[in-house]
């Protein structure tokens, strides 16, 4: 099929959706991930980090990298898709978007494999010294993905095009593909198929974990609680993948074909609308990832529970004090004025 060069689609609802949605994700994500780092720094000396905690800290750092660029995207979409900031910030935002997406996928994958080993080979896993392996795997993930993302620093990321009224030109950020570009199509095919390969591995590992946990005989109540938390962790990881990453990668390849001009106009508009929604879903991983930590580490969960309990008790005390003060005032109203004089 020959590429169609004559039409440019736009999904105008995104200029309302993204500023609102990204603002919510930014606030919740910064609070949640900053709290995670603070708890880890307070509860765990760095030398005592095991493999799973190393992966969790790295996943949090990847989320924060993306979160710091969200204000840039909020400004961009608030200005109707016109990049008014310096050009290098567009490159930086695109780079951090790529890093967050695929570092999150990679670290969730190694976290899943770690839990898979712990369930299927508990004795060997308990005896293994995994700290060095955790550091090495994290380093490999960062070097590989940051190296791939460096392409976005040298890419010509912006392009000028007329606004919707045709009265002036606006600057787009990462919204232009050369029509019929085979290298661009090849890159996207590689990314999409690599993602689904990793997703199938994660799905297999989690299904094995679920089957193993459900077929185990629970002897004591404590083991039942551990089993319940493990099942919740598996469900949470799968939920993050299915909600955040799968929709985006299902749409990505058809959307790329449409952007390159290999699809008709009606399909292009429909897939572009869907693509905007999947970008929103993709950003929610920064908020959902911290939930996984509650099921992975006992200290983290205990600390969070204590803080929530403390806040609830503080509100009760505050309310009780307020009610007591009101009662005292009401009682004083019934006391004769003369009796209050010395």
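One is the number of the first residue shown, and numbering goes on along the chain from there.
Just so you know, glycine gets a Cβ as well, placed from its N, Cα and C.
Among the ranges 55-74, 255-274, the one that Swiss-Prot lists as transmembrane segment is 55-74. Residues 234-254 are the range that Swiss-Prot records as transmembrane segment, among 213-233, 234-254. Relative to the membrane, residue 114 and residue 275 are listed by Swiss-Prot as lying on separate sides. Taking Cα separation as the measure, residue 163 (N-linked glycosylation site) is nearest to 169 of the recorded positions 90, 169, 173. The predicted model assigns the topological domain 'Extracellular' (75-91) a mean pLDDT of 94. For the pair residue 169 (N-linked glycosylation site) and residue 90 (disulfide bond), the Cα-Cα distance reads 17 Å. Touching of the transmembrane segment (185-205) and the transmembrane segment (55-74) is ruled out by the presence of fewer than three CB pairs under 8 A, sequence neighbours closer than 6 excluded.
Below 8 A, the CB atoms of the transmembrane segment (234-254) and the transmembrane segment (92-113) form 3+ pairs separated by six or more positions in the chain.
Counting Cβ atoms from all protein chains shown, residue 90 (disulfide bond) has 22 others lying within 10 Å of its own Cβ.
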